[in-house]
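Q: Pasting a structure below so you can have a look.
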Amino acid sequence: MKIKGNTLKISELSQNYEILSLRLRNRTNPLMNESAGCKNMGFPADDLTANKSLSICPTWLNQNCQPNFWKNVVPDTSKFCGPYRLHKMRKKISWRQSRKWNFPPTILSVNNHDTSGMIVIEGVGNIADGTFTNGATHKIPGRVGDSLIATAYADSTCGSPASTGDGDIMMSLSSYQAVEYVRTGSDPTTACQKVISQIQQYIPVFFSTVVCANAAGSDGAACCKAPGLTRFHDVVYNSLLQRAMASM
């Protein structure tokens, strides 16, 4: 997904094509288009299946579809593949259970995530923001954009953030809130820390990270650690210095 800080115009695709994204933003009203919309624009359909995916899938099926993201359904998701259905006697989910983070631990590692966010600030102050992701391994079919829709935001009068992590949690408008903290006087690092702390009031244990830059070019970051993921990498590039600085 891309957003322009001057106009707040947004364009999004389920495939990472820059020219395709621009054409759809300029010629359609919907936020997001399925493949049919792209085909109407003259773009060919591509098979995105990778060799690694082809090798992983049979093994996953033979292991009774472990891990997976289903819960509170039958049959037992820790022992069987689907199709899954609701319990005949629907379980009542307590408030405490609803706050529990249930991301499959075997999926969570520093080598098993691919969400990337980018904040770009021109010398004249124009800001643009973009986020792209393939999503979590073994995600439920049809899950598209749960992290990137909510984690890319830009306002050229103030600043821009980007974030990654559990998309269902980060859809609480964490990126927008980071910009609003900057607008009210917080520096980028403090704004990111406030966002993480605010989410922790409801979900104490989870993994996500937020990066932020203000219109002046200052940047900051904060993350919430979880078993399997205890650090996050970000890079800042200064075009005037022609130098990239990485932090971990």
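Including glycine, each Cβ sits where the backbone N, Cα and C put it.
Keep in mind it's a predicted model, so treat the numbers as computed, not measured.
Pulled the feature table from TrEMBL, pasting it below:
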ACT_SITE  THR115  active site, nucleophile
BINDING   ARG143, VAL144, GLY145, ASP146, THR164, GLY165, ASP166, GLY167  substrate binding site
Q: Provide the three-state secondary structure of ASP166 (substrate binding site) computed with DSSP.
A: coil
Q: Can you tell me the three-state DSSP label for THR115 (active site, nucleophile)?
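A: Assignment for THR115 (active site, nucleophile) reads coil.
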Q: Which residue, of the recorded positions THR115, THR164, has its CB surrounded by the fewest other CB atoms within 10 A?
A: THR115
Q: Within 10 Å of the Cβ of ASP166 (substrate binding site), how many other Cβ atoms can you find? Include all protein chains, please.
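A: 21, counting other Cβ atoms within 10 Å of ASP166 (substrate binding site).
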Q: Between ASP166 (substrate binding site) and the residue listed as 'active site, nucleophile', how many Å separate their Cα atoms?
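A: That separation, Cα to Cα, works out to 10 Å.
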Q: Whole-number Å distance between the CA of GLY165 (substrate binding site) and the CA of THR115 (active site, nucleophile)?
A: 8
Q: Can you tell me how far the Cα of THR164 (substrate binding site) sits from the Cα of the residue listed as 'active site, nucleophile', in Å?
A: 6
